[in-house]
Ligand SMILES: [Cu+2]
């Protein structure tokens, strides 16, 4: 295997292994946090080798490093790389009928920047005083060298810069690829919803990741070069430093990042409910448009993270209105998914079960976020596990389930072998149910007032009674961790002796399934297909009648119409409603 | 409980006594020796009303937030029932159906989607927005209440890694004078009177919260933030830090005691006298108070 190969499918596989590895690490760190909340200060099973002096028990400094690294690893090194690095790199060019990404060498550079960041993260665990510990948000002054002097904090800050550079590069690459490299006939109205999600999220990457990079770079200068961009009181000695400026910059990136992590998931859900209801997506244009509106609004809502920072009432009111506004397009999209299921012929394959699971956890996560968007109701919940449960349901559980929906769906195309359906179904269903247990438990604990990031919540008298609830939640979390064995076994078994499948095992019409074998050759398509219709041409009466099947390829023409011009093909009866084929 | 492996952990666990804990470097609280007002419990009782409920509300205005939250939960329940019920029903009813519709919706069905979404949005988000706005206008951002009430108690709070240092102006009503009362992790307020807090931090970002009073405000170096609340009844409740502020963030705990106005006045007078005796004009670091900021 050539580690510098620039074929987008090879890059995708490298991101896949990297992302899954970090997902495992980030997940284990989460289980340590859950252990600490269930059995505070008691030795973590299997951790004595790492912390011999405490026999494996969490100490307060170790605990701060664990929750900090859990967040950073999951966001920058696991979920984003899996959604964009693995699924995005693999699917996006294939789905639009391109022979590759617009800038193949840039995608190699992006991967190696990610790998360098990942190496720094792993290395930071080995240095004295441990890895970063100032929270994934790295608020100064806590994250400056005065309060967190460890080398690990510096290494991880550099690692975040690497991950940011990598995200920016693939974001740019994806945007240019979608704009410039679509196959003939692949109009904007014929893109899969997955590509729409990836495209919008890539636009956000290009716009907002540089903001994170700037804030992180300034923070690094405060740590290493003695600047005082974010050191308060710097004004008194002639500078203009202010820690709040960092918070604004960070969340100007941080909130769009939430949508970066969920937009590709939304896209996949939109496609999969159509594919496996054997029916065109309901309101394709409305759904794509709603995702666009969310994208446009996502940069204008960030300051709800700062409702308790003492911001001016004018800002507070403005961001409250904008934040609540974003729920409208999300509701339109969600209702379209439900309408797609209705009057379909629902097939509960593993990608479909994962997509439905995504809908359930995302629905609950979205709804529990409403009370955080209004200032008054945010006050009692701000900084509690309610917030943690809410955003883990959306950008944790929903993104996770969508990653696995995509992986189960495209795995046959990536490797030519299909994962075992039974194991896959058991994996996604048990994961979805246990996610509800874990994050439902966190919502309840947060509502009762439990604050985030407490080494020992039971220091507080008013939280003592939550110990049984937290133990129950932790039990769900440990089971959730155990359920992942179903995937690992499936993966290892499938790669060596899984069922070899043909070009189109799911019987859908998109280009990657109908115009190229599994796995596709280096140049994807030979010749490049000429696209005739939208991505969801399912259960069309003409097709059923003339071809005897309920799907038709996006570039497929009826036998006697092999020379039809794309413009004429749109006239084929009933087709114009199949995913906005105009 | 079996012997714990490290000093830190053991200390962490043994520190669960519900008395206000002073930071190791903190001077002895200046109210030392003041007779405890007998009517006030000094340790907060575990005052929860149940696992699935907010912390007990001990403030005069918190019920408005709680009512709004209750409404939002009713909406949440309806929305989740509709969404999941629809999902389950659709899957159950159309599983492997012989025929699937061939269209991506009609003009009518898409109008329904838009209408339903808009309706839910107007009702749910509208309620939250108007309810929230009412609370902001009347309470949270309405500093005319504490500034116009002659009985208002003003407190300057200085957040440290890892304790809350509180300053009362004393009988002269001015901060940074000899009769200032300074306490550590020990807030005292009279019942039924607006309490106006101005908040700073000397080191990192902290979060000052009184969960039982629906109070939350960041303490940020370089700025003075302010909020106000009013205790509805006598008792003792906890103050907690909600922003990660370093290793011992979880131990940044204080106790707020709401007293009868008479015992509060007695306490402040006695503590102020003691402070005046211990006043050291040379000790600049001790005079961290500031001129009260107008709203
Ligand atoms: Cu603190």
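Placement of Cβ uses the backbone N, Cα and C atoms for every residue, glycine included.
Per TrEMBL, the feature domain 'Cytochrome oxidase subunit I profile' maps to A:1-532. The transmembrane segment annotation in TrEMBL covers A:15-37, A:72-94, A:106-130, A:150-172, A:193-220, A:258-276, A:288-307, A:319-341, A:353-376, A:388-411, A:423-449, A:469-493. The region 'Disordered' annotation in TrEMBL covers A:556-582. Marked as compositional bias 'Gly residues' by TrEMBL: A:570-582.
Beyond the ends of the transmembrane segment (A:353-376), by six or more residues, the same chain brings 262, 265, 268-269, 272-273, 276, 301, 304, 307, 316-317, 320, 323-324, 327, 330, 334, 337, 382, 386-387, 389-394, 397-398, 401-402, 404-405, 408, 425, 428-429, 431-432, 435-436, 439-440, 443 to within a C-beta distance below 8 angstroms of the stretch. Within its own chain, the transmembrane segment (A:15-37) is flanked in space by residues 44-45, 47, 58, 63, 66-67, 69-70, 73-74, 77-79, 81-82, 84-86, 89, 111, 114-115, 118, 121, 407, 414, 438, 455-457, 470, 473-474, 477-478, 481, 484, which lie at least six positions past its ends and keep a Cβ under 8 Å from the stretch. Long-range contacts of the transmembrane segment (A:388-411) within the same chain: residues 16, 74-75, 79, 82-83, 86-87, 90-91, 194, 258, 261-262, 264-265, 268-269, 272, 349-352, 354-355, 357-358, 361-362, 364-366, 368-369, 372, 417-419, 424, 427-428, 431-432, 435-436, 438-443, 445-446, 452, 487, 494, 506, 512, each at least 6 residues beyond the stretch ends and with a Cβ under 8 Å from a Cβ of the stretch. Below 8 angstroms of C-beta separation, residues 83-84, 88, 91-92, 95-96, 138, 140, 143-144, 154, 157-158, 160-161, 164-165, 167-168, 170-172, 174-175, 178, 227, 229-230, 246, 249-250, 252-254, 256-257, 259-260, 263-268, 270-271, 274, 281, 284, 287-288, 291-292, 294-295, 298-299, 406, 535 of the same chain, each at least six residues beyond the ends of the transmembrane segment (A:193-220), sit close to that stretch. With a threshold of 8 Å between CB atoms, the same-chain residues lying at least 6 positions outside the transmembrane segment (A:106-130) that come near it are 4-6, 8, 11, 14-15, 18, 22, 61-62, 65, 69, 72-73, 76-77, 81, 85, 89, 149-152, 155-156, 158-163, 165-166, 169-170, 172-173.
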